[in-house]
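Note sheet for the following structure.
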Amino acid sequence: MLPSTIQTLTLFLTSGGVLLSLYVSASLSYLLYSDILLRFSSKITAPTMTLDCANASNVQAVNRSATKEMTFLLPEPEWTYPRLSCQGSTFQKALLISPHRFGEARGNSAPLIIREPFIACGPKECKHFALTHYAAQPGGYYNGTREDRNKLRHLISVKLGKIPTVENSIFHMAAWSGSACHDGREWTYIGVDGPDSNALIKIKYGEAYTDTYHSYANNILRTQESACNCIGGDCYLMITDGSASGISECRFLKIREGRIIKEIFPTGRVEHTEECTCGFASNKTIECACRDNSYTAKRPFVKLNVETDTAEIRLMCTETYLDTPRPDDGSITGPCESDGDKGRGGIKGGFVHQRMASKIGRWYSRTMSKTERMGMELYVKYDGDPWTDSDALAPSGVMVSMKEPGWYSFGFEIKDKKCDVPCIGIEMVHDGGKKTWHSAATAIYCLMGSGQLLWDTVTGVDMAL
């Protein structure tokens, strides 16, 4: 037990009553995750008696006190593990975060200009992360907000449900690529920045900057733009380094309490893997649906064994191609590993697991347009193996219509008391080109209830206003 978690209770007994003094040396972050609450609601009065003395004037009253110390050892917060998903058979519209509906606000209430939003959850709260350009709307710093990488970008967060304004946002670190996750005790934040030829991964655990990882291919080292995944105190992060139009081999970093303890080098179909969206299929396996920006419209699919710390990559075999741009579904001939055509370019895709006692559901998102970042549709496949199943995925509803932007999407899970709620988030970009501001809203859909997905999402933002 760490010294910081020791609570010392000193009880002073006096002839006139009781004084309780509680010395708490645990940190606030620890107390937030403790299930123990100390309450003192009853009064204690020391007993008194009447003294009959023959000569009362010679009696001297002496106050004596006794001190008794009791030490309470409170348990550490638990490491998190994946649990069964909460019950449900369909996703519904849960939340829209559309900051620029409040674009008339100025000063600290102005919405930040952001892109690449994602959500990560701990036992008690979820955080909405994004990469900001260190600018707000309205404002005078719109130039450059369409760039992917520059010296001003930062990883920021707000509590999920808050609008990412200047005053609401926490700035975690300088970064033009990011990730974050909670191990059950503390947050791990990941940020990447630096020149394209020598970028650097930085790790922050709680409030401390703890470790770094250097570029290994000297070609835009970057991470997944969605939540990393933790089990038993170990957090797994996908990274890649290489050409956007050629070879870019990924790795996984195993991180514990902010320190890199192992590198994992995947085998298999490793030519190009980036922007993976990952989650737990079980307590043994992390699965990721990723982006190949160079060769194929199929998604590279990773299986990482957390018991052996080994990973393998193969292409998804389904005839429902999930990247954008993409060819017609079912048009790629040959074995599952065939790349097909229209493989140049791509987009990060949403992916989340529905873990059930007797089966597993894998939920995916893809744009409705085959060529543009417009619209977003939800798909599901129960059981089977994504490496070998060639069947089409089942469409499960429209989250964003063809009239609205559908850019990056991602998966995450909200912690309920006894189960985990799978969700998919969608980045809806306001693309003002290079002459004005360029930012995003976030739409969130979660597993809840039964029936059909009922309603799509609009941002409600008119950039001309």
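Note that Cβ sites are derived from N, Cα and C of the backbone, with glycine treated the same way.
As annotated by Swiss-Prot, topological domain 'Intravirion' applies to 1-11. Per Swiss-Prot, the feature transmembrane segment maps to 12-34; the stated evidence is sequence analysis. Per Swiss-Prot, the feature region 'Involved in apical transport and lipid raft association' maps to 13-35; the stated evidence is sequence analysis. Under the heading topological domain 'Virion surface', Swiss-Prot lists 35-465. Look at Swiss-Prot and you will find Cys86-Cys419, Cys121-Cys126, Cys181-Cys228, Cys230-Cys235, Cys276-Cys290, Cys278-Cys288, Cys317-Cys336, Cys423-Cys446 tagged as disulfide bond. Per Swiss-Prot, the feature substrate binding site maps to Arg115, Arg149, Glu274, Glu275, Arg291, Arg373. Residues or ranges marked as region 'Disordered' by Swiss-Prot: 328-347. Here Swiss-Prot flags Tyr408 as active site, nucleophile, drawing on sequence analysis.
Nearest by CA distance to Glu275 (substrate binding site), out of the disulfide-bonded residues Cys121, Cys181, Cys230, Cys336, Cys423, is Cys181. The two recorded residues Cys181 (disulfide bond) and Glu274 (substrate binding site) have their Cα atoms spaced 18 Å from each other. Among the residues Arg115, Arg149, Glu274, Glu275, Arg291, Arg373 said to bind substrate, no two Cα atoms are farther apart than 20 Å. Separating the Cα atoms of Arg149 (substrate binding site) and Tyr408 (active site, nucleophile) is a whole-number distance of 17 Å. Cys181 (disulfide bond) carries a strand DSSP state (E or B). A count of other CB atoms within 10 A of each Cβ picks out Cys276 as the most crowded of the disulfide-bonded residues Cys121, Cys181, Cys228, Cys276. In sequence order, the recorded positions near Cys235 (disulfide bond) (Cα within 10 Å of its Cα) are Cys228, drawn from Cys121, Cys228, Cys278, Cys288, Arg291, Cys423. DSSP classifies Cys228 (disulfide bond) as coil under the three-state reduction.
Under DSSP, the residues of the region 'Disordered' (328-347) split into helix, strand and coil as follows: 0 helix, 0 strand, 20 coil. Put simply, of the disulfide-bonded residues Cys288, Cys290, Cys317, the one whose Cα is nearest the Cα of Cys121 (disulfide bond) is Cys288. Note on proximity: of the recorded positions Cys126, Glu274, Cys278, Cys290, the one nearest Cys230 (disulfide bond) is Cys278, by Cα distance. Classification of the residue listed as 'active site, nucleophile' by DSSP places it in coil, neither helical nor stranded. Cys290 (disulfide bond): 27 other CB atoms within 10 A of its CB, across all protein chains. Around Cys423 (disulfide bond), the same-chain residues six or more apart in sequence whose CB sits under 8 Å from its CB are Phe91, Ala94, Ile119, Val352, Gly411, Phe412, Glu413, Ile414, Ile444, Tyr445, Cys446, Leu447, listed in sequence order. Cα-Cα distance from Tyr408 (active site, nucleophile) to Glu274 (substrate binding site): 13 Å (rounded to the nearest whole number).
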